[in-house]
Amino acid sequence: MFEAKVKKQIKSIQFGLFSPDEVRNGSVALIVHPEVMEGGVPKTGGLIDLRMGTTDRMYLCQSCGGDNFSCPGHFGHIELTKPMFHVGYISKIKKVLECVCFYCSKIKIPRKGIKSTLSNVWGMSKGRSVCEGEVLDNGRSGCGNKQPVIKREGLTLVAFMKGEESNEGKVMLNGERVYSIFKKISDEDSVYMGFDLKYSRPEWMILTVLLVPPPAVRPSIVMEGSLRGEDDLTHKLADIIKSNGYLKKYEQEGAPGHIVRDYEQLLQFHVATFIDNDIGGLPQALQKSGRPLKSLSARLKGKEGRIRGNLMGKRVDFSARTVITPDPNISLEEVGVPLEIAKIHTFPEKVTSFNIDRLEKLVRAGPNEHPGANYVLRSDGQKIDLNFNRSDIRLEEGYVVERHMQSGDVVLFNRQPSLHKMSMMAHYARVMGNKTFRLNLSVTSPYNADFDGDEMNLHMPQSYTSKAELEELALVSRQIISPQSNKPVMGIVQDTLTGLRLFTLRDTFLNEREVMSLLYAVNLEFCDIPLGDAVQTGLRKGKDYDIMKILRKPAIAKPMRLWTGKQVLSFVLPNLNYIGLSSEHDDDDKENIGDTRVIIQDGYIHSGVIDKKAAGATQGGLVHIIFNDFGPKRAAQFFDGVQRMINAFMTGIHTFSMGIGDTIADPKTVKVVESAIRKAKEEVSALIENARQNRLERLPGMTMKESFESHLNLVLNRARDVSGTSAQRSLSENNNMKTMVLAGSKGSFINISQVTACVGQQNVEGKRIPFGFSHRTLPHFVKDDYTGKSRGFVENSYLTGLDPEEFFFHAMGGREGLIDTAIKTAETGYIQRRLVKALEDAIVRQDESVRSGNGLVYQIKYGEDGFDATFLESQKVDVKNFTKRYYIDMFGTEELEIKHGQVSEEVYGMLSSDVDLQKLLDQEYEWLVGEIFEGPPILSVGEVDIERDYKVRDIYQSAVMSPCNFTRILATAKRTFHLSTGDVSPYYILEAHKHLTTSNRILNVLIRTNLSVKRVLLEHRLNTEAFNWVVEVIDAKILKAKITPNEMVGTLAAQSVGEPATQMTLNTFHLAGVASTVTMGVPRLKEIFNVTKNLKTPSMKIYLDREHGKSIEAAKTIQNEIECLTVKDLCLFSEIYYDPEITGTEISDDKDFVEAYFEFPDEDVDFSCLSPFLMRLVVDRAKLVGRGINLEYVAMFIRKELGGGAHVICSDENAVNMVVRVRTTKSEDESLNFYTTALNSLLRLQLGGYKNVKKVYISEDKDRKEWYLQTDGICLSQILGNPAVNSRLTISNDLVEIAETLGIEAARESILRELTIVIDGNGSYVNYRHMSLLADVMTMRGYLCGITRHGVNKVGAGALKRSSFEETVEILLDAALVSEKNICRGITENIMMGQLAPMGTGNIEIMLDMKKLDKAIPLSNPVFKPNEPATPVISTPSSDSFSISSGNWSPTHLEMAYSRDLGERLSPTSPSYSPTSPSYSPTSPSYSPTSPSYSPTSPSYSPTSPSYSPTSPSYSPTSPSYSPTSPSYSPTSPSYSPTSPSYSPTSPSYSPTSPSYSPTSPSYSPTSPSYSVSMSSFSNKNKSKNQDGDKKRRNDGSF
């Protein structure tokens, strides 16, 4: 049945133009009649001629005989009377015309040395006005004719000679004329212009035969009665046929030229609007109703068009949608599905011998009873509907039953908008009553869902492969940690979080009955789950969930037994170690009086209140640790356990509700609030008075008004804060509102202060409410009222209620927020789509490189380290007391040596006597210093004081991301292996460093600092066994964190950057005049992705060299050098006077210095030709002094700029007014306008600084303790040339300028920097690797490539991929013109073709060795016949395999022996091993010594056989060689080859389905270096130690 469905793969697509012959050959009918029907039947030669196929049930296709379902449709054609332009190609036709000679059709220029593409040839030819052709021996090959200029007018082209643009000289070029020119173009010329002789010739751009699409493409609708509604295309084709017929008729009749021309233009119009009905400058073709017709192009374009609407994404079957409702008792991994949906959604299950009985029951139940089945598919392909004949159906193997969805089925659940991959996750269905989907509360945050009426979609997988992929890749529990910011996306929320805080307070005590009910609430059915896939499995002391551990030890024994909440909660935790602080923590509280230090050891909560910091979706919180160390399953159970326990506590023991009483502050607080507001009002009045009296001081960089507003804001905000804090303080500890804020489940302290004390200032566009009309905000305020009340300060709280005007202002502020959100959604949605399209095919290959579908390399190693962000945790490099902690000096400084008694004798002996070892230790220390610090080179170790002389490298100052959490691994080791003194040989430690060395610098530093010899021996005091364990765990973690090949990291990066954008603000408000007025949020993100040339706020951050950076005065001199200074900047005001007395003046203020000047005037000035108009500039003395220049310099500068024609004099430096007078020579135009223009150009003269730098602010860098300059405006190349500037640290925010000045690598760094600034500024965090991939995609081509249709969509990708983004039709037309061949390697192409896209699991090929198949053992039935006990059994997914050599296989008791509990299975007292176990009873019939197959003489069961001897060491339950943590027990270890009799590959502890040994788990890869033989240096040296330890540990039943 399935074999017939194997499809051929489309490997590539060839685009091209149809030649007229191809159209005629491929057509089945010549269409000549515009009518559709004749006498009630489709008319032959009409537009729905039956030869083209049919859409009507009543007819069959006359070409293929198919009916309306099976016939795909066949094309017809129309013979056009005259050639017509193809509207999509008119601009290209014009280009070709400009390339070739109008008369002889040769290319106008010599062909040598030009690349053969149309645009290149056209660029060279379009200016040539003579046909030159090739250079030959006897001259030129061209005809030498003068060439016309060609212009496009509407749908026609016009030719005229240069200079004769009048109507007489114009010649209309119709299709016929151009066709004749194109037909004469030679083959080599066509190829030279980029055409292809086989697929696209120039004359084919002109239509002579029109292809008619079959009726299937344009089906008609039959209305009631006999009316038919035809499709838009049919109408259009009818118009074409009509006008074509008229044109033919008139031409044959010899009608006047203008009539023929009119009909030709009409036909051209119809042909054009058939193809595209949105041509600029042309009227649209309309239907009778006035609606524009939908053309062919419109069908392809846009979101609803063919490409994006029907090929890239389709509507699917087996999907359901309904409202979602919360359910506190459903598991995190489940979704409650309404029964109605479960009956409709089916899964096709194949009938086998194992499930035939179950499926027969379902078939009998039928479609209306759940669980039942809807259809049966027989082997011959027949589908039987079970609604009718289900009683007589006999199932056979190979049939397929479409059974109902049942509880436990995997389904895909989704909420739109799907912004990141956690918006689609797999859940297990749980079929329930009612009509809504039920959802666990913690899973709402990744979906961004709430329950105010949201709807969600559910999809049912339809094959075992998709089911397996959902379960292994998309399951909720596997998505708990997001690769976006390497932290959990789910945490405990809402009431559970509130309850969690109350539950773990110090005063929560529970009696025996309550404890029992809480423990009962935690569903214990999963207590035998595997303990996670970390190597740490080896460390369990007893099982998780040991109830007695808690019940045996109540916190209070007398007078009654009471347990604390912390004790009971510990029951839900695995054996983890965690130290953290809760949100109320006060650093001064050293004694932990507030119980804010959370300490959990071995899964037992010792102290601390658990709130959002520990149990929420926080980095390094409990959820994060459980997921990383114990696996996804265990994390999901933590959620379920906590929720069930706390919900039971909140419903029955300690209920919680909030009422109006929680918002009322006490009378004392009310007084405090009132006085704070009263004081603020007084301060505001004083401020207004000061401003009116001009006593207010102006703040730097602000106008007077801005300074006033800034002062006011400070006062009003202070009032709100003071009243808010006092209100909070007054609320008691058990106030319910405060409880929620402290737990982190809802609200913040601002909310509390607004509800109880004062709502505060309302803002619009970041300022106070603006005046609306005639200087008021609302009509009942007086004019120019600047007080708080009038400008939107709300002094009431929500509790007391707002006044009408306060309410109005509050609504204004709220309205702005709504508008902002609405606009932002559209903007960020588009940004997200562009990002995904640009990065969609970036995929990690087998070699860890990231490449595009075409094989272009984006990154040599993904994220520069090859790790998957999901498994990373943040780590700090510890540099405190560096030398003391890391350097061992046994032969020098006494304080740096290791003392006797601090380590074992053996190690001390080595350290104190071995000089070679000391050299190695010196090298290790020097390497560390070199990697972590930048500073003077190391002369000899110990001479330099690292703390003083060196600076830690920037990268290690903040937290770095690493796959191992060293602190936690070491803490676990210390608690597990009872340690006293370090006894690991230093050589062995250094050897381990070598073994763990990776290509990742940061990781190497982390490994060598945390496992440095001195710290291992003194600080951690590890023994060899513990050290080996630590090394193994680190090794396994590093392997596990490697990125999986074929992961779609591009899409992941796009989502990770796009999703935070939806949280960003659209408009960024800032206080005016503060230096940090740079664009942020969505507008800045758009600037980065679009690579905008003109930024809104271009700015540079300029660091200065040592001498200028240290003092503010020195920095000011540089500020003056850089800031642009014009004449206007220095002037207080400027004026134009008519002052005809040249040697004197009418202006009284200037009399003195003018007369003084004219007593001794300059000799060479001719005063008679000076103008009577005078430009007078009054200069600001303060500015002159501030810029350090004098008035004479300004006058001299103006003189120099204006040249000899002007006369400039200035007043004395000490005069009251500093004045510069400028007169020009008389001009012909002596109007005032002339002088106004002259004055303006004079004011624009630049006296100093850089032209683009409008303003420079001085700021202080607190970390570096130096001053730097922040500019408004940029000129990077000039600034870097300034000797006082530290060019290494100076940065600009203009990517284009950086790329031009410093090159592409610098641009890449600055894209990263700018992205980080925007995302951090919004309070989000995105892992570095996503932004680095984005930056690489934007810069990999060597130039900046924006994420727009002009950037990424222009280059490299195939036509199909580009057309799926934007400009669909244009791209496809161009592809046909240049006969592009699109090879289907990318994602888009394969999705369009309906093929499996090469991504993720679809990118895996199976390599099969056919020769090995000859030796294969045939599959046997897993039932033993008495005579074949030793047949090898092959395991299939549907049968368990028990090899006879598997020691714990009992034929009579499968369940016990195959229990999944690790602890039970290997415990000597486990029933399946106990000699008293019924299944091992010697009298059991299956063990009867007389049973033929167990005859004592049977060779395979001979009691003397060494491998089956009960006393044989290989079967001793305490045998050391079976410890799963023993390093020598490696699957690839030679001594345990699968052929060894004592190692059974089918032994249950190595079952391929065991989650902890999943073949897909990265940490158990057979090629894993940590399991390779090279690890023997760890396993052999301490085998004996390990075995002793294992013996000790195994007796308590831990394995």
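Heads up, the Cβ atoms here are built off N, Cα and C, so glycines get one too.
These numbers come from a predicted model, not from an experiment.
Looking at 688-710, 1424-1446, the range annotated in Swiss-Prot as region 'Disordered' turns out to be 1424-1446.
In the predicted model, the region 'Bridging helix' (804-816) shows an average pLDDT of 93. Take the CB of Cys143 (Zn(2+) 2 binding site) and look out to 10 A: across all protein chains shown you find 16 other CB atoms. Note: the Zn(2+) 1 site is recorded as Cys61, Cys64, Cys71, His74; in the same chain, Arg51, Met52, Gly53, Thr54, Gln62, Ser63, Gly65, Gly66, Pro72, Gly73, Pro214 also have Cβ atoms within 8 Å of that site's Cβ centroid. Same-chain neighbours of the Zn(2+) 2 site beyond Cys101, Cys104, Cys131, Cys143, judged by a C-beta within 8 angstroms of the site's C-beta center, are, in sequence order, Phe102, Tyr103, Ser105, Lys106, Lys108, Gly133, Gly142, Gly144, Asn145.
Here the region 'Bridging helix' (804-816) has, by DSSP, the following mix of helix, strand and coil residues: 13 helix, 0 strand, 0 coil.
Nearest Cα neighbour of Cys101 (Zn(2+) 2 binding site) among the listed binding-site residues (Cys61, Cys64, Cys71, His74): His74.
The two recorded residues, Cys104 (Zn(2+) 2 binding site) and His74 (Zn(2+) 1 binding site), show a Cα separation of 40 Å. Ranked by Cα separation from Cys143 (Zn(2+) 2 binding site), the binding-site residues Cys61, Cys64, Cys71, His74 are led by His74.
The distance from the Cα of Cys61 (Zn(2+) 1 binding site) to the Cα of Cys131 (Zn(2+) 2 binding site) comes to 55 Å.
Rounded to a whole number, the distance between the Cα atoms of Cys131 (Zn(2+) 2 binding site) and His74 (Zn(2+) 1 binding site) is 46 Å. In sequence order, Cys101, Phe102, Tyr103, Cys104, Lys106, Lys108, Gly142, Cys143, Gly144, Asn145, Gln147 are the residues of the chain that are 6 or more apart from Cys131 (Zn(2+) 2 binding site) and have a CB within less than 8 Å of its CB.
The least crowded of the binding-site residues Cys61, Cys64, Cys71, Cys101, Cys104, judged by other CB atoms within 10 A of its own CB, is Cys64.
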